[in-house]
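**Student:** Structure incoming, see below.
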């Protein structure tokens, strides 16, 4: 049985560190004074409804090792702890932003293009603040940031900065800067889904955040899909 105590013990064991990000910053030192590394993570990829969201947190060689003590992969944290980490995380990094795709973008282009659209919005916010990105540390095994190899699929999607990308499986559990991006993205997207739940309470998005759950599936069977559902997908509870 999953309990709060089990989550707490797992969270303690999975404390991230800064080894990979500091190694990357050292390798980037040839790029000039204080090159900037972006830690990137996404949330909402497998949701049935709502946006896909991407968090980006920036660090450089001046960033201290004193990241927030409770910072972890956002999936290992309670909502209250995640919320409490937002301000300390933003204070620790150089800058941070969260971008969201629209459901229309996901339905039209697919989830990977939706992630890129969300990331572009976060990048634009950071660049508007005067920051830039020299390299990316991306959670997961799939480099969805780099456009090479996708061909015409992304012709209509805004391009992301053409910089080196390193993917790390479970990067949100291993790397502090990616954990920070994970927490910021999760809190921001959860807040959006809670707002949408006020408009469509029957789907229980305040609890399931748009992911599949028994109550969500039952609501799909009874009410069908809403304007915020990913109708290009095969939704459970809805006959094809």
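Each residue's number is its place along the chain shown, starting with 1.
Here the Cβ of each residue, glycine as well, is placed from N, Cα and C on the backbone.
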**Student:** Please pick, from 124, 134, 139, the residue that TrEMBL records in the divalent metal cation site together with 41, 42.
**Tutor:** 139
**Student:** Could you check what DSSP calls residue 139 (divalent metal cation binding site) once collapsed to helix, strand or coil?
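**Tutor:** The residue in question, residue 139 (divalent metal cation binding site), is strand (DSSP, three-state).
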**Student:** In the same chain, outside 41, 42, 139, whose C-beta lies within 8 angstroms of the Cβ mean position for the divalent metal cation site?
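**Tutor:** For the divalent metal cation site the neighbour list reads 40, 43, 54, 55, 138, 140, 171, 172, 178, 181, 182, 185.
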